[in-house]
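Features reported for this protein in Swiss-Prot:
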REGION    1-318  region 'Ribokinase'
BINDING   Asn195, Leu196, Ser197, Glu198  ATP binding site
ACT_SITE  Asp264  active site
REGION    344-476  region 'Cytidylyltransferase'
Amino acid sequence: MKVTLPDFRRAGVLVVGDVMLDRYWYGPTCRISPEAPVPVVKVDTIEERPGGAANVAMNIASLGAVARLVGLTGIDDAARALICKLSEVRVRCDFVSVPTHPTITKLRVLSRNQQLIRLDFEEGFDGVDPTPIFERIQLALPQIGALVLSDYAKGALNSVQPMIQLARKANVPVLIDPKGSDFERYRGATLLTPNLSEFEAVVGRCKNEEELVNRGMQLVADFELSALLVTRSEQGMTLLQLGKPPLHLPTQAKEVFDVTGAGDTVIGVLAAALAAGNSLEESCFLANAAAGVVVGKLGTSTVSPIELENAIRGRAETGFGVMDEQQLKIAVAQARQRGEKVVMTNGIFDILHAGHVSYLANARKLGDRLIVAVNSDASTKRLKGEKRPVNPLEQRMVVLGALEAVDWVVPFEEDTPQRLIADILPDLLVKGGDYKPHEIAGSEEVWAAGGEVKVLNFEDGVSTTNIIQSIKNGRG
């Protein structure tokens, strides 16, 4: 199936469901408590992440779509933390505050990558009047192309049928990530996205592919669904619609590091693609590709349009191309396990020219893998002025990633990549121009880790500034 990315910016999606805050306390354990036979964790890092339905909304927003989120919270620090974290990624929150209940919070204590304990702070929202949620849905319907109901059985979706009916009257597709075995609650939905175990909890264990398809088709008919998407982990996904042959999408994950939140990514990308105008089949294809990306990351994660573009082109499967920092760290670790020498350079690369290509080819010859760190648009403006860059970040990275000499491309927001270099610690740091090695950002960190720093010459007479001036003078 040949699928192109839609313009997610014109997609509006409302997510309604059980929102929660995931808290993580990290620290070393050096002794056993004298009070009880338990380890003492000296907490040195605290992290907070939106979870549940909030993670679905984050996945939608990460694509550039307009994500709205409705859910139930308390009036407490956890609710404020959720709103703060979500506003940072442009999710529009419209929570219903319930003063008698705490915001659902899950606190995990970890040491040396091991979870020692999880503490859940929740009472559930059973019995809470759903009318304010209905009102928020009604107000949002004219502005959205899809409604997602994210059910974690915490009470926000206890009255799900009126929500489905509101959307159907407005001709807005309803996508549901179900919970439990009572699918009668979801009658009339456009699409359900159960995983295999959730599906088999309703229809019984399926011995083979034929049995899965037959029982799935029966479920679609019984509950008046438009479609059913069964996510099947390493076996991919299967889309079932009455009157159409089943569509099986094999997994695109090359390596699996963490499946946390993969279901949220699937329904988030699927809804955003539908709202942007893609067909259901095309949207499922994109959701499957996105799932293949996020399971290669650690922890609950989202996928960017660039990552999704790479995935559907097949580059993500090879472990190369445009990446975020987390993906890059994993790729570099794997390269080092293979005994490969990692070279890193950086720049704006606004209008790629022969000098750039020659420089990058020479840098690549110095090792086995080449990382190119690229200034963001905001960083470029600060360094070069308001009229730069000529080409936006995404286009600059895609062009660089297409070069044979370049293995990995990663963006950075700061004026220099010093922090990024300190995190990656390449074996060789390279910079072009008339710098002295000690003047190069990140050189001290690389030297301290036992690495090398080298300056390469640029091709004389070729520069982005000269090209821009030639165009202005009418010689381009």
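Each residue, glycine too, has its Cβ placed from N, Cα and C.
Positions of the features from Swiss-Prot, shown on the structure.
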| residue | record | contacts (Cβ under 8 Å, 6+ apart) |
| --- | --- | --- |
| Asn195 | ATP binding site | Val230, Thr231, Arg232, Ser233, Gly263 |
| Leu196 | ATP binding site | Val230, Thr231, Arg232, Ser233, Gln235 |
| Ser197 | ATP binding site | none |
| Glu198 | ATP binding site | Pro178, Lys179, Ser181 |
Problem set entry | Other residues, Cβ within 8 Å of Asn195, Leu196, Ser197, Glu198 Cβ centroid (ATP site) | Pro194, Phe199, Glu200, Ala201, Val230, Thr231, Arg232
Seminar exercise, completed: So Asp264 (active site), by the Cβ count within 10 Å over all chains shown, scores 27
Seminar exercise, completed: According to DSSP, Asn195 (ATP binding site) sits in strand
Problem set entry | Local confidence of the region 'Ribokinase' (1-318) - pLDDT mean | 90
